Amino acid sequence: MTQPILKARGLTKRYGKVTALDRCDFDLMPGEILAVIGDNGAGKSTLIKALSGAVVPDEGSVELDGKKVDFHSPIDAREAGIETVYQTLAMSPALSIADNMFMGREIIQSGVMGKLFRRLDKAKMQEIAREKLNELGLMTIQNINQAVETLSGGQRQGVAVARAAAFGSKVIILDEPTAALGVKESRRVLELIQDVKSRGIPIILISHNMPHVFEVADRIHVHRLGRRLCVIDPKEHSMSDAVAFMTGAQEPPEHPQAA
Amino acid sequence: MSQSDNFEAAASGAATDVASFEDTHKGLVGQIQHTLHVNPALVPLIVLVAAICIFGLVLGSKFFSPFALTLILQQVQIVGVLAAAQALIILTAGIDLSVGAIAVFCTVIMGQFSFRYGMPPAAAVACGLAMGTAIGAVNGWLVSRVKLPPFIVTLGMWQIVLAANYLYSDNETIRSQDIANDAAFLQFLGYKLKFGGAVFPLGVILMIALVLVLAYMLRSTAWGRHVYAVGDDPEAAELAGVNVHKTLMSVYMLVGFICGLAAWVMIGRYGSVSPSATTGVIGNIQAITAVVIGGISLFGGRGSIMGAFFGALIVGVFELGLRMAGADPQWTYLLIGVLIIAAVSVDQWIRKVTA
């Protein structure tokens, strides 16, 4: 049996008296798209933040590629190869698309100007940014230097997804990537997700949109009351089953690991 | 999934060409708004040029001469350096009320270390710069780690530094002749280069060089991008991989260092070292005024350091121009007040380009 690329055991996170994560387990297999679904307040966001380094769990362990990892910030997780597209997108509105794509990992010019004066290689960054956006085909952007705040919601989402796809080497986490998008743009993001998967990079997809989840996911992690209720195969269960499980209307299937 | 809910298929026949936006529909006003959004230093530059032209027309060659124009530079050199420091803090969505006090305290350190302890003047200047950097580091640590509002931190630091300045110096002024005789290096930045009627003290050249270096750093280095990102939205910056703490610390320490430079410029300008120099009390407000007139948003993340420089020059032009015209000095303050409000209104209008 193959080892999970990202594995969490017994994750617990409390905010005062609220327990957001209650001894939660999590497994992501290589090359798969794993959807995480759950009701509002089930602790999905906290789980994702614990995996991406934005939240440090009180208890429990996370393993990447079989090695225990200890993320204290999103930067740690990024360096380990986990890229996250947050629901808030984590972009600086006043800065340009290129600036935002390379935020925190800017390319510095080679030669004296770079070494001595730390001059950014803007031309190269703009070129790569344009390339990545074109790969997506998601953009209707003329100017790579336009401020992110002048983009529509869908375009911003596209830039954020492009950023993650460009740099994610081990795992990509997408938090509600289609929530703000129109029909056509959602379609492109779903195509992009398949595209990233075909490159062999596993994806964690958090979404409320059941048709999207059932369309792309290989397995579905159902989250309820701060822990993993069950993992189901979208081919064996219907959308209404999934909703019944996550709302507690129906007992989960006997075998919790439908791999 | 049943075919009946395959709503997306309906979109397949839709137009596939990318959306294009016609800028021409916006008209002249829209284009101006867009240009200003891209180049925030343009407004203060226009105001500056207009002010120089108007005073030049009204006052003639008395104002529009190399001597008078470089006099403005000399008169704004201290505020100009402090405004550059203030601009950095305001870009991170902070505010620094302690810049003037730090500068005055650093002049006292430079003077007293030379005279009380007999230090070589160059070492005393280095100590002054180090003290400025250290105070900046305390400000930065309190803002970034203890998460106190910058206004509160620097309001307190302003009083602390000003009081320390009086306590340490015993309110003792070091006279200009004594410095010239025993520690001339302290007045180094007061050395004047003359080209015809134009006079450029080294302090002015330092101010201009400082603004150019900071403009480069903000525009063309990763650090500069991080400063803007932190001012724009610190949480987003953190999630995107910016070390917000490190960025804030570097900004506050750099600002402390620049205040030390302002101190050195002050000794060059006044010749003497006085703990009761007015810069300690009003330097912060003068710097904030220049920054605001320069079009840097108090909400952080927008504006350019050139704007702050132009802002300082606008104030200088008004002060000299109105004095030459024989107007009551209160007119200067009145007009500067109008400019502040106008500048913030323009900033709000420019921001609407995003809506």
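Cβ coordinates are placed from backbone N, Cα and C, and glycine is handled just like the others.
No curator has checked TrEMBL annotations; they are predicted automatically.
Listed by sequence, the residues of this chain that lie at least six past the ends of the transmembrane segment (B:41-60) yet keep a Cβ under 8 A from its Cβ atoms are 35, 69, 293-295, 303-304, 306-307, 310-311, 313-314, 317-318, 321, 324-325, 339, 343, 346. Per TrEMBL, transmembrane segment is recorded for B:41-60 (among others).
Taken from TrEMBL, the feature transmembrane segment covers B:67-91 (among others).
Per TrEMBL, transmembrane segment is recorded for B:97-115 (among others). When Cβ-Cβ distances below 8 Å are used as the criterion, the transmembrane segment (B:97-115) is approached by residues 78, 82, 85-86, 121, 123-125, 127-129, 131-132, 135-136, 139, 151, 154-155, 157-159, 161-162, 164-165, 168-169, 174, 178-179, 182-183, 186, 255-256, 259-260, 262-264, 266-267, 273-275, 277, 279-284, 286-287 of the same chain, each at least six residues removed from its ends.
The transmembrane segment annotation in TrEMBL covers B:122-142 (among others). Taking Cβ pairs closer than 8 Å, the transmembrane segment (B:122-142) reaches residues 96, 98, 102-103, 105-107, 109-111, 113-114, 148, 150, 153-154, 157, 161, 183, 185-186, 248-261, 263-264 in its own chain, all 6 or more past its ends.
Residues 89, 94-98, 100-102, 104-105, 108, 112, 135, 138-139, 142, 275-276, 280-281, 284 of the same chain lie 6 or more positions beyond the ends of the transmembrane segment (B:148-168) yet place their CB under 8 Å from a CB of it. Taken from TrEMBL, the feature transmembrane segment covers B:148-168 (among others).
According to TrEMBL, the transmembrane segment annotation covers B:195-218 (among others).
The transmembrane segment annotation in TrEMBL covers B:249-267 (among others).
With a threshold of 8 Å between CB atoms, the same-chain residues lying at least 6 positions outside the transmembrane segment (B:279-299) that come near it are 40-41, 43-44, 47, 78-80, 82-83, 85-87, 90-91, 93, 95-101, 103-105, 154, 158, 162, 165, 262, 266, 306-312, 314-315, 336, 339-340, 343-344, 346-347, 351. Under the heading transmembrane segment, TrEMBL lists B:279-299 (among others).
If you look up TrEMBL, you'll see B:305-322 (among others) marked as transmembrane segment.
Marked as transmembrane segment by TrEMBL: B:331-350 (among others).
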Winner by Cβ pairs under 8 Å against the transmembrane segment (B:195-218), considering only B:67-91, B:249-267, B:305-322, B:331-350: B:67-91
